[in-house]
Amino acid sequence: MNLASSTASAGSSVPGWVLVVAAVLVSGLLLAGPALRRRYPVAWWLLLGFPVAAFRVVQTWRPLMAGCGLAVSRRPALTVVSGLVGNGAPPPQPRVPRRGLIRPTSGGFVLLVRLLPGQVPEDFVKAAPAMSEDWQVHAVRVTSWKPGVVRIAASAADPLAAPQLPKQRGPGHLLRVTVGALETGAAWVLDLRRVPHWLIVGATRSGKSTLINALVAGLAPQPVALVGIDCKGGMELSLYEPRLSALATNREQAVRLLAALVDLTLDRMTVCRAARVRNIWGLPDKERPVPVVVIVDELAELFLVASRNEKDEAQAAGTALIRLAQLGAALGVFLVVAGQRVGSDLGPGVTALRAQLGGRVCHRVADPGTAEMALGDLNPDALKAAQAITPEQAGTAVLASGDGWERARSHLITEAEAEAVAAEYAHLTPVLSELHVEAP
Ligand SMILES: Nc1ncnc2c1ncn2[C@@H]1O[C@H](COP(=O)(O)OP(=O)(O)OP(=O)(O)O)[C@@H](O)[C@H]1O
Ligand SMILES: [Mg+2]
């Protein structure tokens, strides 16, 4: 009796305070929501954003697959028969690809999907924009996981809008520099020993020099020689002059410097041959020559010609760069070449040079042709991702080397910071007297 009456009285008193608490919680959440979301983005996403997004995926999966042509009708003949003979019974639902668990990540979610017979991963790549619209997420990336299975990764917001990753401190591994953050939240590491030569393209003010700043700031504390070729009169690279073993600021100097670099490479080849090793890493530590990283800012300045005399210079520069790219990797000479446009309109040597620069970084581009030149015949969605970069996202780029591609954003290393780092490590600058080629 007592129990019954106490339950009844509790039942009548609960709604009042529960309502008040709920109202306070909801209004508190509404008021503090934006600040909490900014402060604890991962917790916010896991507690609130992800459950809603996962619900959307479950709700929209079947119509989405059907709408994108990824559903397969079951036994079409039977469907007709069931429609005719089945007294109006609904025809069987089409089969949709089987979806695995939706797993949250720190800023999105991933799921694996088993392909139906006759489907290829490209069918899902084409459906990615529709998925991001339906699930109301920033972007969806589809990659082939293993035969018959694709991996769908969605990011709720653009993780590159404000990358949180710390900048590199100290020297780190030789020829390896953390220059920014990848879309996955991991560090963007430029590893010259793995991919020795890089091509960096992008329209004006898209972030090419900022990426070079990050690279130089990372390499400066390492035992490497840095060589600059900046035919914009040295406006970009002269900042690091104290840490550069050589700097060419016009084409005439550049041609002589490149010829000297080719000679240096050939000398190293002789040393390696005499020691019967295939590259400088096979030499004993004491005999190993210092790695040289050659940075070219604005390739077009080297190649564009107005007169006959300039044409010969441009050709000589082009040939020397191609030879460096061909021989350099094994002999410790690495190329990082930046340019706004790197097309065959610059001259015949450019296409051959481009083919030798295996690492590609494509920032915002002014025309689709440049993105195509940089990213080649990679996934068509890599081209789309490069073309979607806006001027506000300076420093954002699509990276490609070997298989696959990813989006990334460089650390914003200002000119002043790069200048300070170069001055701090000026004492580490190796003296390469064979590269001293200033005009007499
Ligand atoms: N990673 C980044 N994060 C934030 N802002 C950036 C980033 N990279 C570049 N920016 C902004 O874009 C501006 C232009 O960048 P940068 O000088 O690197 O362009 P660029 O491609 O070298 O241009 P140009 O072809 O004219 O030399 C920078 O001053 C900076 O404000
Ligand atoms: Mg620049």
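Glycine residues also receive a Cβ, built from the backbone N, Cα and C atoms like all the rest.
No curator has checked TrEMBL annotations; they are predicted automatically.
What TrEMBL says about this protein:
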- 16-36: transmembrane segment (TRANSMEM)
- 43-61: transmembrane segment (TRANSMEM)
- 185-372: domain 'FtsK' (DOMAIN)
- Gly202, Ala203, Thr204, Arg205, Ser206, Gly207, Lys208, Ser209: ATP binding site (BINDING)
Taking every residue in the domain 'FtsK' (185-372), the average pLDDT works out to 92
For the transmembrane segment (16-36), what are the same-chain contacts with Cβ under 8 Å, counting residues 6+ beyond its ends? 44
Would you count the other CB atoms within 10 A of the CB of Ser209 (ATP binding site), including those on all shown protein chains? 24
Give residue numbers and ranges for long-range contacts of the transmembrane segment (43-61): same chain, 6 or more residues beyond its ends, CB-CB under 8 A. 36-37, 96, 99, 102, 104, 106-109, 111, 134-137, 154, 156
Restricting to the chain of Gly207 (ATP binding site) and a gap of 6 or more, list residues whose Cβ falls under 8 Å of its Cβ, or answer none. His363, Arg364, Ala394, Gly395, Thr396, Ala397, Ser410
Less than 6 Å between Cβ and the nearest atom of ligand 2 is the rule; apply it to the binding-site residues Gly202, Ala203, Gly207, Lys208. Lys208
Using a Cβ cut-off under 8 Å and a sequence separation of 6 or more, which residues in the same chain sit near Ala203 (ATP binding site)? Gln340, His363, Arg364, Val365, Ala366, Thr370
Cβ under 6 Å from ligand 1: which of the binding-site residues Ala203, Ser206, Lys208 qualify? Ser206, Lys208
When DSSP is mapped onto helix/strand/coil, what comes out for Lys208 (ATP binding site)? helix
Please work out which residue of Arg205, Lys208 has the most C-beta neighbours within 10 angstroms of its C-beta, and give that one of the binding-site residues. Lys208
Residues flanking the ATP site, with Cβ no more than 8 Å from the Cβ centroid of Gly202, Ala203, Thr204, Arg205, Ser206, Gly207, Lys208, Ser209 and excluding those residues themselves: Thr210, Gln340, His363, Arg364, Ala394
